[in-house]
Structures are given as structure tokens and as C-alpha cells.
Amino acid sequence: MKVDADVIVVGAGLAGLSAAALLCDPSLNPNSDSVRSSLASAKPRVLVLEARDRVGGRTYSVPFALDRFGQPLAFPITVDLGGQWIGGSQNLMYSLLARFGIQTSPQPDEGTHILYTNGNRMPYVGNISSLNNSPNAHVKVIANSIKSLEKAVEELDAMAKNIDPARPQAHAEAEALDSISMDAWLAKKFPEDSVSSPSSNSNSSSKSDAATARSMLEWFVRAVFSTEPSAISLYFFLYFLRTAGGYAPLSDIRGGAQQDRILGGAQQISERLADIVGRQNVFLNCPVSQIKQYSELDITSAANVTGGGEAGIAEVTVEDGRKFRAKYVLVALPPALQHRISFFPALPMDRMQLALRSTSGCCIKTIVGYKTAWWLEKGLSAECISDQFPIFLTYDDTTPEGKPAIIGFCVGHQAVARFGAMSPQEREKMVIDFLANMFGEQARTYDLYVDKNWSDEVYSGGCYVSYLQPGALAAYGQALRRPFGKVHWAGTETAREWQGYMHGAVESGYRAAEEIAARLAQRSRL
């Protein structure tokens with residue numbers, strides 16, 4: 001039976017392209033000995049189908065040559081409107097950058113940071129724990145809250161260590177932990193009715209201590225998942241924590257997930273991977289609508305597709321009616337988007353439920369450019385943690401080319417819906433007002449503003465990552481990476497390391513490529 005390719009990859013983000021590139025060039029990952037041995041006799045033909053008019057998925061690097069007045073910038077710059085940071089133990093990303101000769105630039109972190117909560121603006125240096133030693137009167141009220149936060153984080157890290165990222169559903173308490181939302185766990189951890197009143201002479205926390213500690217952990221959940229704590233379970237939070245190695249790697253800059261930025265933008269990694277696959281083999285503007293699996297004996301039948309046999313083909317149909325046939329298909333899309341594809345035969349119940357119970361977070365990323373990094377002259381880092389709408393987090397985003405800028409994030413379904421409904425001019429004004437309030441009036445003298453609402457991206461459905469609703473991981477987690485006949489799965493949501501990050505996307509792509517390479521080798525021996 002004639003096929004167009006050995007493998008068809010659906011999705012040209014980092015996951016799909018890392019899988020496709022590894023199948024085409026096993027030397028891409030020095031640790032993929034199994035791929036090299038499986039494909040020693042023949043190089044497979046790989047096609048990639050991408051719905052967008054570009055590669056890169058949730059990485060999106062945009063060049064700018066003009067300022068907001070239409071005048072030329074001192075020099076052109078590239079701005080990452082999608083994923084941009086790597087760090088810590090994300091060795092797969094550093095390996096790819098070394099392979100492609102792409103350099104990194106450390107995330108600026110020097111100076112005084114700002115914590116803005118309950119209407120109080122509190123400066124601090126280094127880790128937020130340094131607020132424990134501050135003489136500031138407002139901060140002394142917060143100090144007990146920070147200590148409570150640290151104890152809660154230690155407890156979460158300890159629970160996360162008992163989870164196997166490759167088999168999250170196997171945990172003895174998976175079902176029980178997955179039935180509790182993070183919101184409910186935080187309410188139990190910091191119960192309002194068990195704390196002392198402000199007039200109490202005891203050393204226990206006041207009511208405001210508990211409320212503030214809880215709000216800080218709620219902030220962290222929003223920061224990582226761009227959704228509300230009520231939307232995810234305690235177990236999914238722990239599972240996600242485990243894939244990164246704990247709370248500190250997720251939250252830290254030095255040694256953590258926000259350590260480095262990529263010179264020239266993160267999207268160029270996907271561009272280079274596409275070059276390995278061959279641009280003639282990457283089809284853009286090809287949203288997939290259907291995947292059918294056929295037995296070898298009868299092209300109108302789908303018999304035995306789930307039985308594990310290697311005969312037969314898969315047929316992929318795109319929205320314009322074109323059909324592509326291959327021995328295997330790799331779907332590298334966020335689970336929250338997979339229900340848009342019709343599968344024949346239908347997906348198993350657990351796989352379908354996994355997709356239906358996946359939801360993408362909501363994020364609007366804002367970037368404001370300046371002629372000078374005026375905040376550094378004031379001893380500020382431009383890093384701010386805030387509970388004030390619309391911006392909950394900012395960083396110094398001075399580009400590696402040297403263009404001073406501040407990046408901001410609006411996250412969560414309600415906040416993004418409200419902020420996104422405003423006009424571009426209203427959003428711009430609100431962001432500038434926020435920066436002026438946090439860092440000073442110099443924020444109003446800017447020459448570049450851009451924002452990106454990832455909820456408007458029909459082929460992303462949101463950002464940064466799809467998360468599972470309470471109860472879904474324990475009940476259906478076994479289907480997360482399990483092949484369905486000739487169909488395999490990749491994407492950062494399936495990662496065993498650094499789920500939700502670029503490293504996780506690459507790790508999932510390599511894992512799926514190894515699975516498919518082994519099956520191609522087995523098929524060649526039949």
C-alpha cells in the first residue's frame with residue numbers, strides 16, 4: 001500500500017520538529033542511541049503538517065525596526081512574544097543551542113525588586129525570603145506570612161518527590177490528591193477560623209498572615225499555569241512540580257527556569273530544526289481535520305488498529321481536503337486542541353477524556369521599550385510581583401541586542417478576558433500607568449509597546465500550557481503518552497521533565513521519536 005512518508009508529524013512546534021529532526025538526523029541528540037540503531041539501515045521520510053503560516057508553535061519571535069511613532073529604532077530588535085526562557089537542568093535546550101551555534105544572555109536580575117500586595121509597595125533584594133529581615137513596618141506584617149509560605153513550599157516539595165513523572169497515575173494516593181483543588185488545599189492549609197485575632201498576644205499568625213501566605217501561593221499557581229488555583233488539582237500541581245525538580249527550579253532565576261534568554265529569539269530553534277527535516281517536507285497552512293487508521297488488507301477497514309500490529313497505514317486529512325498517508329503519525333499538539341481532530345476509529349475513552357478535560361491557560365504578554373534602562377539608574381531591577389490588575393509580574397526584558405525593555409504578564413481567564421476586551425490604546429495606557437506606579441514616572445517616556453493575547457491564537461488556544469482539570473490525571477493519566485494504534489503523542493504536556501517548558505517539548509519529541517524508530521525497525525524486519 002503506497003504511503004507518502006514513513007512518519008507524519010502533526011504540529012511544527014518544538015515538540016513536533018524535535019521529533020521529526022531526530023528521526024531525520026539521529027545525531028541531534030547524543031543520548032538517542034536507540035534511534036541511531038533502529039534507523040541504521042534506512043533514513044525514514046518524515047512530513048510535518050502545521051496549521052499556522054509559521055513554525056515554532058508557542059514560541060514566536062518578532063522583529064521590530066520602527067518605534068511606536070513610526071520612526072526607525074537605533075537598531076532592529078527581536079522580541080519574544082511567546083516562550084523565551086531556559087535555565088537550570090534544561091540540558092536538552094542547551095545542547096540544541098550548542099549544536100546550532102546560538103548563544104544565550106543571562107536574565108537581568110540585579111537591583112531592588114518590588115512586592116506589591118494589599119496596596120503596599122515593598123522593596124526587597126534577592127529572594128523574597130529576604131523580606132523576613134526588613135525593617136520596613138509593612139514588611140514586618142508580611143514576615144510571618146513568608147515563613148508560613150516557606151513551610152507550605154517544603155511540604156509541597158516533599159509530597160512531589162513521591163510521584164513518578166513517567167507514571168503519575170501509579171501513586172498510591174493519586175485519586176485522593178487529584179480530587180482536591182489547589183484552592184481547597186490552600187484553604188485548608190491557611191484556615192481563617194484557626195488563626196488568632198490581631199489583638200491576640202500569642203505568637204501565632206494573625207488572620208492577615210494566613211491570607212497573605214495563601215495569596216502568595218495563589219500568585220505562584222497563576223504564574224506557572226496562567227489560571228486560577230480552583231482550576232487545577234493538588235495532584236496535578238505536585239506532578240508538574242516533580243517534572244521540574246521542585247518549587248525552587250520553577251521560581252528561581254539563577255539556576256532556575258528563568259535563567260537565560262536566547263539571542264535572536266526562541267523561535268529560531270524551530271526554524272533550525274525545520275531545516276534538518278527539509279523545508280520541502282514542512283507543510284504550512286495545513287490544519288489537520290481527520291486521522292484514519294487502516295489495516296493492510298482492507299483500506300476501508302480499521303480492523304486491529306489497536307492491537308499493536310505493525311501492518312497497515314494511517315491517513316491524515318487536512319481541512320482543504322488533501323490527504324497524506326504514512327506508516328505512523330505523531331500528534332504534537334496541546335491536549336486541549338486534540339479534540340478538534342476526528343479520529344477513526346474513535347480514540348479510547350481515557351484518551352478522549354484526557355483531551356476533553358485539558359484546558360489551556362490564559363496569558364497576555366506585554367513589552368514596553370525605552371531608550372535607556374532608567375530603572376537601573378534608580379537601583380531597581382524592574383522585577384515586580386503584584387496582585388494589582390492588570391499586570392501580576394514584570395521583569396527587565398532588555399533585549400540581548402541592548403534595547404531596554406520591561407516585560408509584563410496578565411494571566412488567568414477572568415483577568416485576560418477583561419484586559420483583552422479593552423482597546424489596544426486602553427491596554428497600553430493601563431500597562432504604562434502600572435509601570436509608573438511601581439517604578440517611577442520615567443515609565444511614561446517609552447518608544448515601543450506591543451502585547452500578545454495567546455487566547456486569540458486559534459491554534460494554541462491559550463498559553464503557557466494545557467493543564468488537567470481535577471480528577472483527570474489519576475483517572476486517565478495512563479493515556480497521556482500511550483500510543484493509539486499507529487498514532488503517537490508528543491508535546492510539552494506529555495513531558496517527563498520540565499513539563500510546560502521548551503525543554504519539556506523537546507524531551508517529549510525525542511521520546512516519541514524513539515518509540516516510532518523502534519516500530520519502524522520492527523516493521524522493516526517483517
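Placed from the backbone N, Cα and C atoms, the Cβ positions cover glycine too.
Please treat TrEMBL annotations as automatic predictions, because they have not gone through curation.
Sequence annotations record features per position, and here TrEMBL assigns domain 'Amine oxidase' to 14-516.
Counting only residues at least six positions away in the same chain, the Cβ atoms of GLY11, ALA12, GLY16, VAL282, PHE283, LEU284, ASN285, CYS286 sit under 8 Å from the Cβ of GLU50 (FAD binding site). Here TrEMBL flags GLU50, ALA51, VAL288, GLU493 as FAD binding site.
Annotation source TrEMBL lists substrate binding site at PHE409. Look at PHE409 (substrate binding site): DSSP puts it in a strand.
Residue pair VAL288 (FAD binding site) / PHE409 (substrate binding site) shows a Cα separation of 31 Å. Mean pLDDT for the domain 'Amine oxidase' (14-516) in this predicted model: 90.
DSSP assigns GLU50 (FAD binding site) to coil in the three-state reduction, outside any helix or strand.
Cα of ALA51 (FAD binding site) to Cα of PHE409 (substrate binding site): a distance of 26 Å.
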